[in-house]
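Here is the structure we will look at.
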Amino acid sequence: MALLLFFFCCFIRFAAAAFNVTTLSFDEGYTPLFGDANLVRSPDGQSVRLLLDVYTGSGFISSSMYSHGFFSAKIKLPSDYTAGIVVAFYTSNGDVFEKSHDELDIEFLGNIEGKPWRFQTNMYGNGSTNRGREERYNLWFDPSKEFHTYSILWTANKVIFYVDEVPIREVVRNDKMGGDYPSKPMSLYATIWDASSWATNGGRHKVNYEYAPFTSEFKDLVLDGCATGPIKKFPDTTACTETNAWLESRDYAVITPKSRSAMRRFRQRYMYYSYCYDTVRYPVTPPECVIDPTEKLRFQDSGRLRFGGSHRKQMRSARRKRRSRPTSNISAEQNDM
């Protein structure tokens, strides 16, 4: 197991060249959002800590809205007992378009002591909160031990989520999506907050403030994109044309064969839920889903892994079942998977 993890981590590093980006200081691109006393900037303004205590969480927001962009930060999460906590890095325009907002999420979900952080990505378009497009994952490292880079690319044609420059999810826009694809200017947000009602085992484990304050750290902040305001009654559709073309030409907008192979490996080993395979919620597969036959075999109709663990655990369990059953039952078992 340790050897497999070692080779996977080596493959990830080999496939993930650092992106060519320019970082901003906090004051150059962001303003406090809430919990000002729990937002602590470094003396040089290059990093910021967000704290959660018994009184409040905290957060910051980009000073501008963006019509598409690349948003990135190196983030270090709280350690020890973190059940009930959510640290979020996301884009949204919910404060401007309350009933028709767009959103792209990276949300980290805390856990009881000794259990790992998990995280999920999600996408909403035009207020489609009843059609959440979430995927959930584990990580191949402990995100509380050191900084790791998390990024969101959003263009007119696609959305890509990255961890340490490794693409973990790609959504390619198509006409059938209609308004479900995010299209209005969004701000970048970072927050830490108490989500005891749902974040850990459906709310079974709450935030324990004996461990407070809980601290998340952000540095190497990146905002690449066309800064703009909310959509006007008569918007200038050409204002961001040049910047959007520049975004599409950047290294983070192209998934190379090596990085696509790394994405496939990540999804095979660490994704444990995908809405694309959740036929209970979506009897008709959403139009942006590209069904991978290998992935489909791993999931139940709920979109969740069959054996509640990794791909390797599932394969080992399946092999044990095959060895313990008569040969005549093998084809029936394969039909059930």
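Cβ from N, Cα, C; glycine included.
Positions annotated as active site, nucleophile by TrEMBL: GLU103. Remark: GLU103 (active site, nucleophile) has TYR90, THR91, SER92, ASN93, GLY94, ASN122, MET123, TYR124, PRO182, MET186 as non-local neighbours, by Cβ distance under 8 Å and separation of at least 6 in sequence.
A 10 Å cutoff on Cβ-Cβ distances gives GLU107 (active site, proton donor) a total of 19 other Cβ atoms nearby, all chains included. Positions annotated as active site, proton donor by TrEMBL: GLU107.
What TrEMBL records for 307-337 is region 'Disordered'.
Look at TrEMBL and you will find 309-325 tagged as compositional bias 'Basic residues'.
According to TrEMBL, the feature compositional bias 'Polar residues' maps to 326-337.
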